[in-house]
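**Q** I am attaching a structure below and will ask some questions about it afterwards.
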Amino acid sequence: MGTVHDQGATTSSGADDPTPSEPVWNPPTRVRPKVAERPHQRVDLKALFGLASGGWAWSTAVKAAVAMASSFGLAAVLFGPQVGTLAALGSMTVLYEKDTPFQYRSVALAVVGLGFVTCVAIGSLSGMNPWAAALAIGAVAGAATWLCGALRVDRPGALFFVLVCAISTIASGGLADVPLHALIAALGAGVGWLVSMSEGLVRGRHPEHRAVADAFHQLAALLRAIGTPRLDHVQHDASIAVARAWRIVLLSQTRGYRDTATAARLRALLRWVSDIHLAATDVSLARTERLPAVASDFADALAGAVGKPELAPDENELDELRRGLRPRSLEGRLYSRLARTAQAARRSEHEVQGRGLELHDVRYPPLLQSLRSSLSRGSLLRPTTLRMGITVAVAGVAGLALGIDRFYWISITATAVLQGGNVVLTVNRSLQRALGTLVGVLIGALLLSVQLPLAVTVVLAACFMGLTQLVVPRNFFYASIFLTPMALILAHTAAPNPVEQLAQARLVDTLLGSLAGMVGAVVLWRRASAARLPQTIVDVLENTRTTLLAVLDPEVEPSADRTYRLRRDLRSALVSLRGVYDSAIGDVPRAESTQPLWPVVVAAQRSGYLALSALALEKPPPASQITLQRLDLAFDELIASLRKRRTPRLGALPRLVDYPRINMELRALSSSMRTAVAEDTRAAEREQQRRAQRERRRAQEEVDADL
């Protein structure tokens, strides 16, 4: 739940040093890879019903089903089925922190469980007054969205906190029963904690091994994407995977473990994958043809060797690729690092002593710093939090005003819908939620129409919970089909009502909640991402400039700590830029003004990745002070032009002989900014013409009315 960024290799020595022992520089090139097709977000059948890439979440599904069955069954026997549902809600703790190291997870899940218990207490207290309950659910939605975002709690995020609070509002009892309700929820949270942590008994280091292995797999995908139109998209995915692996490994560096040879080996592999990623970046931006499949297959094989050293590939497999290449060439450096990574992976342990193995960062930043930065003016989390809290609260209050008793379903649906992020994704999730609920209500009503024994009820709720978690990473529509019967079973058990009435109300509430979510996305801060995109590009350019000036300075060599900070800040800015753009293209109606900025985003990202690659060199070729001054002025002009949305007056760029592709990307950035400004001008002219036509038409209508 902390914000941690990644670092590539630093100076070190020994066979496992991921930094080459001789200086390597980029050869001149005049070829610029084609810009990838702009990402699209649209409402269509594929978006609604198609399956996203990736596997099925079998592990999460099994753990979710086991946690719910055991907690629900135990609490139902001890306290009765009605309040036993609170334990089932508490067991949803198991859905969080699925990928973090177990020692860190033990604390994080305890905090999540405490949050669930707090939500149950809030729901039980506020349930005595429906209006207070509606406002309380909205407050929980906003607070959970903020805390999950600030502390990097991954999906399902705020959704289940809201679900727990909402269903707790209908728990039977009065004020005196609130402590009992909280205790039962704590029982369920404890069961969820135990189920999640039980995996650590047999695979104690699986999360960090999987994170590094996933980074190698994504690196293999990047090698396959070289010379293809998908390069820019896969480059971003690879950067995210490396940053994620860095965070997970850093979180695992606990006292006692970090000084072991096993931990040192994993840190070495982490540095290798980070350094290979930067070497692959150099190759990808200098080559327009596909790489031989041997290279990507070799990277995939390295992924298997992370946890099993005996599976490490033979470095001799790369001999054919390296034949005829200069050792300092970009491809030669890439293949050399792949081969040396195989040598490091083949060892079951690693030397603890030596430079290059220290991770230059704290395990997680201070709590107050994370919370404070999440509320800064440039943070997207602030409008997201306000949008969520206001929409959910207003939706619940509106439901009560319309005379809807089960208003909490409206609030739950609005929360699920708003997790899409922007307007387009919110509309998609609204349709998926509504259609999935329609099917799910039919299934739930059919099951509840039969008087089911308690044991069957518990098993069914657990099975539907497991199926929901199995499919939710692939498609929200299919997840809604299974989530709805589970929620109906829990709600009917907590507060029995006629099945037909419950099913009908569930459909109406879902439609109203979906509509409320869409209205909230369109009305409240709908342009938040698009408005922040220019400043996000500026952040990348400023970090790129700072990094390049530090790399090219002929007099001062950056220290290891400063090198890490430069790389950390620049990589974080690059990942953030693409995330903001992907969100901005779904904003309405600002998407039309955002789309022309795609070439600008690509050029800025490529410039940043080239700066990262230069920073990874042991002895990068320096530049003269005059060249540095001219480079600084060039970045000043690009940043000023972007802020004022005008055509840059760049002039002649300083000639970076050893870094020609940086020159190329800066020229491409200037050219794409001119194109974007021109399209803005044409769009403004068209809008002015449309306004003039509307004014003339209105004037003509007034004249006709007078006649």
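Even glycines carry a Cβ here, placed using N, Cα and C.
Pulled these features from TrEMBL for this protein:
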type     : residues : note
COMPBIAS : 677-692  : compositional bias 'Basic and acidic residues'
DOMAIN   : 395-519  : domain 'Integral membrane bound transporter'
REGION   : 1-37     : region 'Disordered'
REGION   : 676-707  : region 'Disordered'
TRANSMEM : 47-66    : transmembrane segment
TRANSMEM : 72-95    : transmembrane segment
TRANSMEM : 107-125  : transmembrane segment
TRANSMEM : 131-151  : transmembrane segment
TRANSMEM : 158-176  : transmembrane segment
TRANSMEM : 182-202  : transmembrane segment
TRANSMEM : 384-402  : transmembrane segment
TRANSMEM : 439-470  : transmembrane segment
TRANSMEM : 476-495  : transmembrane segment
TRANSMEM : 507-525  : transmembrane segment
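How about a rundown of where these features are and what they're close to?
**A** Residue counts for the compositional bias 'Basic and acidic residues' (677-692) under DSSP, helix first, then strand, then coil, are 16 helix, 0 strand, 0 coil.
Same-chain residues lying 6 or more positions outside the region 'Disordered' (676-707) and placing a CB less than 8 Å from one of its CB atoms are 592-593, 596-597, 599-600, 645-647.
Residues 60, 63-64, 109, 112-113, 116-117, 120, 156, 160, 163-164, 167-168, 171-173, 177, 180-181, 184-193, 195-196, 454-455, 457-458, 461-462, 469, 490-491, 493-495 of the same chain, all 6+ positions outside the transmembrane segment (72-95), place their C-beta atoms under 8 angstroms from a C-beta of that stretch.
Sequence-distant contacts of the transmembrane segment (158-176), counting only residues of its own chain at least 6 positions beyond either end whose CB sits under 8 Å from a CB of the stretch, comprise 82-83, 85-86, 89-90, 92, 95, 115-116, 119-128, 133, 136-137, 140-141, 144-145, 148, 185, 388, 392, 408-409, 411-412, 415-416, 419, 487, 490-491, 494-495.
Under 8 Å from some Cβ of the transmembrane segment (384-402) lie the Cβ atoms of residues 130-131, 133-135, 137-139, 141-143, 145-146, 149, 158, 162, 408, 410-411, 414-415, 418, 421, 509, 512-513, 516-517, 519-521, 524-525, 528, all in the same chain and six or more residues away from its ends.
Residues 56-58, 60-62, 64-66, 68-69, 72-73, 76, 81, 88, 95, 479-486, 488-490, 492-493, 499-500, 502-503, 506-507, 510 of the same chain sit 6 or more residues outside the transmembrane segment (439-470) yet have a Cβ under 8 Å from a Cβ within it.
Long-range contacts of the transmembrane segment (476-495) within the same chain: residues 48-49, 81-86, 88-89, 163, 167, 170-172, 406, 412, 416, 428-429, 432-433, 435-437, 439-441, 443-445, 447-448, 457, 460-461, 464-465, 467-468, 502-503, 506, each at least 6 residues beyond the stretch ends and with a Cβ under 8 Å from a Cβ of the stretch.
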**Q** Please list the DSSP helix, strand and coil residue counts for the domain 'Integral membrane bound transporter' (395-519).
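**A** Helix, strand and coil residues of the domain 'Integral membrane bound transporter' (395-519) number 103 helix, 0 strand, 22 coil.
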**Q** Please determine whether the transmembrane segment (47-66) and the transmembrane segment (182-202) are in contact (criterion: at least three Cβ-Cβ distances under 8 Å, sequence separation 6 or more).
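**A** Yes, the transmembrane segment (47-66) contacts the transmembrane segment (182-202).
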**Q** For the transmembrane segment (182-202), give me same-chain residues lying six or more residues beyond its boundaries with a C-beta closer than 8 angstroms to one of its C-beta atoms, as numbers and ranges.
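**A** Contacts with the transmembrane segment (182-202): 59, 63, 66-67, 70-72, 74-75, 79, 83-84, 86-95, 97-98, 102, 105-106, 109-110, 112-114, 116-117, 120-121, 124, 164, 168.
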